[in-house]
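Quick look at what TrEMBL annotates:
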type	residues	note
TRANSMEM	20-37	transmembrane segment
DOMAIN	21-404	domain 'Ammonium transporter AmtB-like'
TRANSMEM	49-67	transmembrane segment
TRANSMEM	101-119	transmembrane segment
TRANSMEM	126-148	transmembrane segment
TRANSMEM	168-187	transmembrane segment
TRANSMEM	208-229	transmembrane segment
TRANSMEM	235-255	transmembrane segment
TRANSMEM	267-287	transmembrane segment
TRANSMEM	293-310	transmembrane segment
TRANSMEM	322-342	transmembrane segment
TRANSMEM	362-383	transmembrane segment
Amino acid sequence: MSSADWTMNCPLHWYGSGDSLVFLGLIGLTLMEYGLSRKGFGNHLMFKNWVQFSVGIVAWWLIGYAFSFGNAGNHSNFIGEKYFGGEDWLLDRISNHGACASYFALIGFFVIFIINGAIMERAHYWVYPFLAWWVMVWIWPVVVAWGWGWGWLMGEVGDENNLIDYGGAITIYIFAGTFALVGAIIIGKRVGRFDQEHVQSGFEMTHYPIYVIGALLTILGVWSINIAQTETANAFGIAEVNTWICGGASSIVALKLLTLGHRDLRIHYISVFQGFIAGQVLISSSAFDTTPWQSGICGLMAGIAFFLGVKCCEMFKIDDPMNITGTFFFPGLIGGFLPGFITDSYGVFWEGTEGHTLSTQVVGVCVIFGWSAFWAIITFGILKFLKKHRLSDEIQKASLENCDIAQEGFVLGGGQRIEAEMVKAS
């Protein structure tokens, strides 16, 4: 297999460091979730993330990777049909399946940990391992196959009909943001959330230093995703600086907009850190091939998108504890369309092309949004039907700190169990 064939089989061009930085991003998302959790919930939430990793990596090895890259380059195929369970990896040495499988497995967990942030503190224990298995076996690998696996959304190398998604605006952030938003709506809000007009004291951030460390590591992880699939050293460098510029501009705008009506420290922290991440997300798939000035302007849009995402959840009383909608979903939607407008080679604004890339981006955004929303409704709908979607009100009121972890999930322990039963009986 030639190097060109390898390129068509796996879009990863910078090996090794990408895995390490994305893994740090996973730690970052975990710490952000812990930092935003209420007192009494954080320790249990951190435990389930590694359960998900263990379940998901087995699912990816057995089935997910094969569906994603098992027929890369055969554009008529819906999904891959070979390499299940690592079959023929050693026989096909030049393809470097280990590096490809490792990196994109971590990207898959990035998707899962984003979803976690929208359903934290009230999702049933079994939601998490089931979600890891199902997402890594089927739902996300199909999306990868269509784009990064050179499926039906791609043409020949250099074709302006190709989907441009180097940084994952569509494959990561639209997919994860859509799934997370649907999950938050179906699972419902935490007990007591939105019972008053303003945020109650019980729902404020309690772990500021841990949140900051997590946000910085997540910023590093998103930055690494933006550059790992760039094909040349020049594109690599351009993507680096544009990611920082867009993030900085977005952070400033988000801070000024969100703090107009709020003076509390929590809003300032969320604005400046997650506003920065929103900028990185919006420019993710365009950063490799656009100008710094355009990146700065995109940063202004990202700050506004973050603000609107946060406010929409407040307006419609959608409980999104980690602000996934504003941080990933809204910026991801804009970022998915963006390459068709501003990339130097194919953008209608900059290059003046006929818009073939833009039309492909529109198709990609709509298809992935619809695919993610459909399977999120199915997934959380099944869990809701089985009554495995949500922690009981008694457990939420008692907090996970007062629960044991049994085979059936979280259960109240000791005196809290008796107290909860008395409340239920009354």
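Glycine is treated like the rest: Cβ placed from N, Cα and C.
TrEMBL annotations: computationally assigned, not manually curated.
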Surrounding residues of the transmembrane segment (49-67) on its own chain - C-beta under 8 Å, 6+ positions past either end: 26, 30, 33, 79-87, 97, 100-101, 104-105, 108-109, 112-113, 116, 128-129, 131-133, 135-138, 140-142, 144-145
Of 20-37, 101-119, 126-148, 267-287, 362-383, whichever stretch has the most CB pairs under 8 A to the transmembrane segment (208-229): 20-37
Cβ pairs under 8 Å between the transmembrane segment (126-148) and the transmembrane segment (20-37), at least three: no
Closest-packing stretch to the transmembrane segment (362-383), where packing means Cβ pairs under 8 Å, from 101-119, 267-287, 293-310, 322-342: 322-342
Stretch in 20-37, 168-187, 235-255, 322-342 most in contact with the transmembrane segment (293-310), if contact is a CB pair under 8 A: 235-255
Within-chain partners of the transmembrane segment (101-119) [C-beta distance under 8 Å, separation at least 6 from its ends]: 10, 12, 15, 18-19, 22-23, 25-26, 29-30, 32-33, 36, 45, 49, 52-53, 56-57, 60-61, 64-65, 68-69, 127-128, 131-132, 135-136, 140, 144, 148, 168, 172-173, 175-177, 179-181, 183-184, 187, 221, 225, 228, 320-325, 328
When counting Cβ pairs under 8 Å to the transmembrane segment (322-342), the leader among 20-37, 168-187, 235-255: 168-187
Chain residues in Cβ proximity to the transmembrane segment (168-187) (below 8 Å; excluding those fewer than six residues from its ends, i.e. six or more beyond): 107, 110-112, 114-115, 117-119, 122-123, 127, 135, 139-140, 143-144, 147-148, 225, 281-282, 284-285, 318-320, 324-325, 328-333, 335-336, 338, 361, 364-365, 368-369, 371-373, 375-377, 379-381, 384, 389-390
Mean predicted confidence [pLDDT] for the domain 'Ammonium transporter AmtB-like' (21-404): 92
